[in-house]
Amino acid sequence: MAPRALTICCDIVRWIPVVFITAIIVWSYYAYVVQMCFFTVESIAEKVIYLLIYHPILVLFLWSYGKTIFAPIGAVPRQFYLSKSDADKMSRETVEGQKAILVNVAKDLPVLNRTQSGSPRYCEKCHCVKPDRCHHCSVCGQCVLKMDHHCPWVNNCVGFSNYKFFVLFLGYGLLYCFYVAATSLQYFILFWKSGVSKDMGHFHILFLFFVAVMFGISLISLFGYHCYLTACNRSTLESFRAPIFQSGPDKNGFSLGKFNNFTEVFGVDKKLWFIPVFTSETDGVSFPTRNNLQANSNNSYQTMGETPAPSAGDGISYPTRTIDLDSDGLLADRQRWMEEGGESDGGEKPGSYGTHENGGFNLA
């Protein structure tokens, strides 16, 4: 019963950030619509204009937020999972035996990404070959297609199934904050100059402006960062650790040009670009790459004893590691560090950034 109770407690705690954000939105609605528009704004025309613009922004904001929260996690298709016999062999085989099993399983799968040692990427916890851009989330307890990061503010993994919703949530959240701040500024200045008042409506409007500005500033950099990632066709994880192809690491391996990168996430129908409905035309398993990186996933990866260090993207580089196939197991700590950037039972590895994938460093 103890583990079950602990799991329930953890699940409840994880919803606290979502409840907090929801409470802020509900209170802001009361402060803006009731206290400011109904009780403070005197002009009827001004009231109508404020409310007519405010509500569509709010609806799109809440719609995007809800879709981000409740979108199902992009699960790995069954054909990527090892059979029970192959999974058992993986735990007993030598490095070469493990690699042979993975190559055999992956030969008919659309996988281009590799580990540093040249093997198809394998999740020891899920017992599956990882599709391109897929990573294991320790919080969700499963592999997630095109995982970007696990976001506590939505209590969900941000990945293939909801990345568009997440970007729209950030964008509409920023628009919501700036609109509320801009339209309440004159009343904020008026009440601030008037000094202490016993009217609670004044406090609501003063606090509303402060909260809108505070959240707006925090969203600027986050929204800008994810716009940049969308334009480059990278996930947050890929911006820190470049995906490894058969030709080597390349942080721009999935980049097809800014417009094509945008439509890969937002779809080709312009009418639906800014509506929180799923429009991606990819399947979350295979992704188009630059022409010079197109390769047959059945070809073996040639190792020369010492492999080049993968680019971590945006000026970050990992130290060069020598891969010794006789001693560096496919599932060993060193290989996991290069692929996942996480922690193992032995503690944090040198150069580990505690990335989202392992429930650590969160950008959102």
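Cβ from N, Cα, C; glycine included.
Unlike curated entries, TrEMBL annotations are predicted automatically.
Marked as transmembrane segment by TrEMBL: 12-32 (among others).
TrEMBL lists 44-65 (among others) with the feature transmembrane segment.
Annotated domain 'Palmitoyltransferase DHHC' per TrEMBL: 118-240, in sequence order.
Per TrEMBL, transmembrane segment is recorded for 165-191 (among others). Proximity of distant same-chain residues to the transmembrane segment (165-191), defined by a Cβ-Cβ separation under 8 Å and at least 6 residues beyond the stretch ends, is recorded for 28, 32, 36, 40-41, 50, 53-54, 57-58, 60-61, 64-65, 67-68, 71, 148, 151, 154, 158, 197, 202, 205-206, 208-209, 212-213, 215-216, 219-220, 222-223, 226-227, 230, 265, 274, 276, 364.
TrEMBL lists 203-225 (among others) with the feature transmembrane segment. Same-chain residues lying 6 or more positions outside the transmembrane segment (203-225) and placing a CB less than 8 Å from one of its CB atoms are 24, 28, 30-32, 35-36, 40, 167, 170-171, 173-174, 177-178, 180-181, 184-185, 187-188, 191-192, 197, 363-364.
Taken from TrEMBL, the feature compositional bias 'Polar residues' covers 296-305.
Here TrEMBL flags 296-315 (among others) as region 'Disordered'.
The region 'Disordered' annotation in TrEMBL covers 329-364 (among others).
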